[in-house]
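Participant: Straight out of Swiss-Prot:
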SIGNAL    1-20  signal peptide
MOD_RES   Gln21  pyrrolidone carboxylic acid
DISULFID  Cys48-Cys104  disulfide bond
BINDING   Asn118, Gln169, Asp178, His212  Ca(2+) binding site
DISULFID  Cys157-Cys171  disulfide bond
BINDING   Arg206, Asn308, Arg343  chloride binding site
ACT_SITE  Asp208  active site, nucleophile
ACT_SITE  Glu245  active site, proton donor
SITE      Asp310  site 'Transition state stabilizer'
DISULFID  Cys376-Cys382  disulfide bond
DISULFID  Cys418-Cys441  disulfide bond
DISULFID  Cys448-Cys460  disulfide bond
Amino acid sequence: MFKFASAVILCLVAASSTQAQHNPHWWGNRNTIVHLFEWKWSDIAAECENFLGPQGFAGVQVSPVNENIISPGRPWWERYQPISYKLTTRSGDEQEFGDMVRRCNDVGIRIYVDVLLNHMSGDFDGIALGTAGSETEPSTKSFPGVPYTAQDFHPSCEITDWNDRFQVQQCELVGLKDLDQSSDWVRSKLIEFLDHLIELGVAGFRVDAAKHMAADDLSYIYSSLSDLNIEHGFPHNARPFIFQEVIDHGHETVSRDEYNQLGAVTEFRFSEEIGNAFRGNNALKWLQSWGTGWGFLPSGQALTFVDNHDNQRDMGAVLNYKSPKQYKMATAFHLAYPYGISRVMSSFAFDDHDTAPPQDEQEKIISPEFDEEGGCVNGWICEHRWRQIYAMVGFKNAVRDTEISDWWDNGDNQISFCRGNKGFLAVNNNLYDLSQELQTCLPAGVYCDVISGSLVDGSCTGKSVTVDNNGYGYIHIGSDEFDGALALHVDAKI
């Protein structure tokens, strides 16, 4: 009986720990993550203090923090070819990283690190040099900066059949040397690396290529991690937030359902389907059942996004900054509809798949510069600084914990809905105007449309909508307007 009771207690503790790994540890009502892709640590620290904190963002996903191979031309993907766990990259060193984490935590912005647990660098002719000065010989699986040797890896093989679990989880993803996560030594080094980041104050991890690792191995690693550091404002016994890259289109041998109990999972179907809808390949009226009604993961297990650093570079349905009107409409819907753990993208301009981040003649990443309206220049796109996007971050904060109601559509590509009595969104993706008296569910008054303008000193710089005593307002979105959405909320009442 005692053994049975002990087993039950252990199971309950494990289940509680796993559920805790779905908690992103946001401040207050904040609830949007931004991926500042390839930014330097010092620039992220300043952005937390000067923009993200004041605009109500909740957290930042940062690029991989550990030493990587130096590749000719410095393509972005060199960050995904690690050679040690030393915290020196093109974004900065360990001291700069620690300073950034502290400064961001101090203003309520949590830091989530993109971590590479699946592999080390792929083949390189001869001895390769890393960003922290380490030398390595990937072709022989020699990584003395860790150290790893050939015995710490799975035998080399190529993934030719994506329906073969063995190949997916034990062969080399695009030639990257595949670590054996069942090895005690490998586990110890990965746990040591992640615990060091926790000590520095991070709130959690985006686990790259999670589907290429056995869920049981990841479960062991996650459960062995330290609690978050209370010196950075986390409560006692808080577990790191974990979201895992698992590409699952619904017919995969390795399924997202193997990982969603361990932490959140990147819901790639969300990205693909929202792109299809706002590209006009699927009527917006069908979005009324968005979320689990579309076969997506439960809301609290789904990390949602319009695009990410990988799929924004692919051809297909996925939207990116190069289709700005549709992209902003899709993002407005993403942040207004109550589904998922939301992440927005902040990109740099690219002409091909391998384009490096903005850099100088010495191949050092340059800091973003800003125009008079706060937008980025010099090669950085900074979608998170587009008013239409950061305003919807504020909208999402204002309507937190409310449900969707009063859905309206025209049977095609014009839609609107309320978020309780706190917010209202309308979208027009037709080639003709939306002009309609619609239920906004808001208290009577005049409201600033935060898509077309901002509330400044009690006045709206864009469109405004008068809401009557019954909650109705006249909504107009012209087909030729710069933006195809209109958003009102209680914190934007004039």
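Each Cβ is built from the backbone N, Cα and C atoms, and glycine gets one as well.
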Participant: Are there recorded positions among Gln21, Cys104, Cys157, Glu245, Cys376, Cys448 that sit within 10 Å of Arg343 (chloride binding site), Cα to Cα? If so, list them; otherwise say none.
Facilitator: none
Participant: Could you check which of the recorded positions (Cys157, Asp208, Asp310, Cys376, Cys441) sits closest to the residue listed as 'pyrrolidone carboxylic acid', going Cα to Cα?
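Facilitator: Of all the candidates listed, Asp208 is nearest in space.
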Participant: Distance check, please: Cα of the residue listed as 'active site, proton donor' against Cα of Gln169 (Ca(2+) binding site), rounded to an integer number of angstrom.
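Facilitator: So the alpha carbons of the residue listed as 'active site, proton donor' and Gln169 (Ca(2+) binding site) sit roughly 14 Å from each other.
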Participant: Among all protein chains shown, how many Cβ atoms are found within 10 Å of the Cβ of Cys441 (disulfide bond), not counting that one?
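Facilitator: Within a 10 Å radius of the Cβ of Cys441 (disulfide bond) lie 20 other Cβ atoms.
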Participant: Near Cys157 (disulfide bond), which residues of its own chain have a C-beta under 8 A away, given they sit six or more steps off in sequence?
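Facilitator: In sequence order, Gln167, Gln170, Cys171, Glu172 meet the Cβ cut-off.
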Participant: Using CB atoms and a 10 A radius, I'd like the single residue among the disulfide-bonded residues Cys104, Cys171, Cys448, Cys460 with the highest neighbour count.
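Facilitator: Max Cβ neighbours within 10 Å, all protein chains included: Cys104.
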Participant: Show, in sequence order, which residues other than Arg206, Asn308, Arg343 on the same chain lie with their Cβ within 8 Å of the centre of the Cβ atoms of the chloride site.
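Facilitator: Output for this site, in sequence order: Ile33, His35, Gln61, Asp114, Phe243, Glu245, Thr266, Leu303, Phe305, His309, Met345.
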Participant: Please identify which of Asp178, Glu245, Asp310 has the densest Cβ environment, defined as other Cβ atoms within 10 Å, among these recorded positions.
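Facilitator: Per the Cβ count within 10 Å, the most buried is Asp178.
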Participant: Consider the binding-site residues Asn118, Arg206, His212, Asn308 and say which one has the Cα lying nearest the Cα of Cys441 (disulfide bond).
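Facilitator: Comparing Cα positions, the closest of these binding-site residues turns out to be Asn308.
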Participant: Enumerate the residues of the same chain, Asn118, Gln169, Asp178, His212 excluded, that satisfy the criterion Cβ within 8 A of the mean position of the Cβ atoms of the recorded Ca(2+) site; list them in sequence order.
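Facilitator: Close Cβ neighbours, site residues excluded: His119, His154, Val168, Gln170, Cys171, Glu172, Leu173, Leu179, Gln181, Ala209, Met213.
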Participant: Want to know which recorded positions, from Cys104, Asn118, Cys418, Cys448, Cys460, are within 10 Å of Asp208 (active site, nucleophile) at Cα; which are they?
Facilitator: Asn118
Participant: Could you state the whole-number distance in Å separating the C-alpha atoms of Asp178 (Ca(2+) binding site) and Arg206 (chloride binding site)?
Facilitator: 18
Participant: Could you state the CA-to-CA distance between Gln169 (Ca(2+) binding site) and Arg206 (chloride binding site) to the nearest Å?
Facilitator: 18
Participant: Round to the nearest Å and give the CA-to-CA distance linking Asp310 (site 'Transition state stabilizer') with Asn118 (Ca(2+) binding site).
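Facilitator: One finds 17 Å between the Cα atoms of these residues.
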